Structure formats: structure tokens, C-alpha cells
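Structure first, then comments.
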Amino acid sequence: MNRQSWLLNLSLLKTHPAFRAVFLARFISIVSLGLLGVAVPVQIQMMTHSTWQVGLSVTLTGGAMFIGLMVGGVLADRYERKKVILLARGTCGIGFIGLCVNALLPEPSLLAIYLLGLWDGFFASLGVTALLAATPALVGRENLMQAGAITMLTVRLGSVISPMLGGILLASGGVAWNYGLAAAGTFITLLPLLTLPRLPVPPQPRENPFLALLAAFRFLLACPLIGGIALLGGLVTMASAVRVLYPALAMSWQMSAAQIGLLYAAIPLGAAIGALTSGQLAHSVRPGLIMLVSTVGSFLAVGLFAIMPVWIAGVICLALFGWLSAISSLLQYTLLQTQTPENMLGRMNGLWTAQNVTGDAIGAALLGGLGAMMTPVASASVSGFGLVIIGLLLLLVLGELRRFRQTSPVSDAG
């Protein structure tokens, strides 16, 4: 990255063929999973006319993902990571084929959809953990900030494209097309992933998988730096659950259907801008302090969002939250990867990703509870300002993270 530029440099895709292969595979995978994410709720709703059944499928898949992240973390620290990645992707694709075949039946099975959702949630997240653990070896720890920013852009771009494509396919060909293309896309990702070099794990004694996972929890609690990073990540994810209040807040602002879409687009847009303007972030001497301040700032943006007098100001607050949370997330990712021992990378990445899954669910549940006692405006504001207070307390308590200095700021090869 050019030291004089705030803009993200994409040269890592040119100089590191292995990372380029991962970038391509991840983008195709995100689009494929997006097609699945559109098709499953629509098919269940059409079959059952029950939003509860749709919610059950999401809950079951989320539970399978959580277990997959835990198991994947242990496997990524025990077995050659390339094999784990390929096995997880291939097995996940088999589940997509099953969904496609089921959708083509005269009477599709609801039980099959639930079971295959569990299958795909487990194996998809298992591969994600191994891929995250392998990233430092693919790009070098000095390039992790740049790699994280490029990955964030990939996720945001894929998350925008896949629902649009999924909706078009549903309108023109039905859910079977979504499942079929998701399966094809998943198997296509195996082609670039096959070009990856071997990714062996450091030699370490064999131990019971549960004891290995317990060792990761002990490390997390014993290391204030890594523990603080994980805690901040969970709180930021909880704050992003404010989206469950968008429909109710849109009514108070008298927004049209088209304008409501801007609320949902604001945070991803802000996050994309944060990734694009992260050029100097890798050279910060006090990344921990920047992480803490940007996290508190993002909570403040959520607190101000709902009390804005006009919806445009609310959208700006959400975009600001997206930008600040992207800065915090990039620093979390980089410090986690650089400060975690190699033999713990799989399990720590699994735990860090799992707190994103659970943090979102906890945040949505808390906002739902607040919504039962107060207005949507009050719910969003109380949650945001409450998190500001917690963030300020953590700014004081997490001294090791606040004082952490990079003796030689991360540089990149670009």
C-alpha cells in the first residue's frame, strides 16, 4: 500500500497467486450461498405459509454453523488445512445438489430442507475457519490488513449481487435454479482452491478435541489482548442487529418502500468505504486505541440514528456506523491473526467468527425485548447509548489493548 495514500491497494491479488485463488473462490462461494439464502426461506414459505417455519430453518442453520466453526477450528489446528478446505467445500456442494433434487420432486420434503440446511451450515462454516487460519501463511502476516480489507470488499460486493441474482432466478425459473447454480458455483470454487500450496499445521501433541477447544477458551481468557478483541467484536455485531427495527422506524419517518432499501444499504456502503479507505490503517502505531475509539464511535452512531428528525440523517448515521465498524473489524482481524500463536490460529478464528454469529442473534433478541417495553425509537437509542457506556468502560478496563503498540507497523508488499 502506498504510504501516502488512504486508498486500498489491490496489488496483493497480483503479487500473491494463492491469495488470488482464495479471493476468486470466496467471491463465487458468497454468491452461491446468497442464492441459497434467498431460495430456502421462499421455498419453505411457499410450502408451509408459516413464518415460524422459516425462522426455524434459519435458527437450525445458525446452530449448525456455530458447531461447524468450533469443529473447524480444532480440525484446522490438527490437519493439513488445504485438505480441510477442499473437503468442506466439496461436501457442502453435495448438500446443494440434494436441495436441487428435492426441489424438482413433485412434492418436495420439508424435513429434507431442514436436514440439508443443517448439513450445509455445518460444512460451510467448517471450511471458513480453515481458510481464515491459512491466510497468514498465504499472504504473510505483514500483509494481513490489506488482505482483510480486500476480503471485506469481496463479502460486501457478493452480498449485494447474490440477492439480486437470486430474486431474478426465482422469478424466472423457481428455487431449483438457485440450488443448482449454488451447487455448480460451490464445485467451481474447488478449481482455484486446488492450486493452493500445502498448508501444514505446526507439530503439536494430539489431544482430545474437547480438551483442544477448552485450551482455546483458556488462552482467550488468559490473554487480555485477544480476549478484549473478541469482546469488542461481539459488541459491534450486537450493535448491527439494529436492522430488525428498520421497518418500524421507517413507518415513523413515513418512508416509501424504495427509501426503506436505503436503510439496509447504508451499513454495507459505509463498511465498503471503510475498507476502500484503509490504506493508512496498517501503519498505525496504536491499533488497539484506534479499535477502541472507532468501536465507541460506531455505538454512538447507532444511538443517534433513531432520534434523527429526518430519515436521510438516519441513513448517514448508519453509514457512519458501517465505516467505523469496518475500521474496528479490520483491526480486530489483523491483531487476532498476528498476535495468535500459529498452533492456535484455527481455534481462535473459529471462536472469533462464532461470536459474530452469536452476537447478532443476542443483539436481535435484546432489541426484540426492548421493543416489547418501549417504542422502536427508544429501543434503538437505549441500545446504542447503552453500548457507548459499555464501550467507554472497556476503554478504561482493557489497558493492554489500549496501550498496545506495533514496534514496526505492518507494511505491505504493494
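Here the Cβ of each residue, glycine as well, is placed from N, Cα and C on the backbone.
Membrane topology of P108 relative to G350, as recorded in Swiss-Prot: opposite sides. Counting residue by residue with DSSP, the topological domain 'Cytoplasmic' (131-156) contains 25 helix, 0 strand, 1 coil. Remark: the transmembrane segment (84-104) contacts the transmembrane segment (179-199), by the rule of 3 or more CB pairs under 8 A. Scored on C-beta pairs under 8 angstroms, the neighbour of the transmembrane segment (288-307) with the top count among 56-76, 157-177, 219-239, 357-377 is 219-239. When Cβ-Cβ distances below 8 Å are used as the criterion, the topological domain 'Periplasmic' (308-313) is approached by residues 250, 253, 255, 259, 262-263 of the same chain, each at least six residues removed from its ends.
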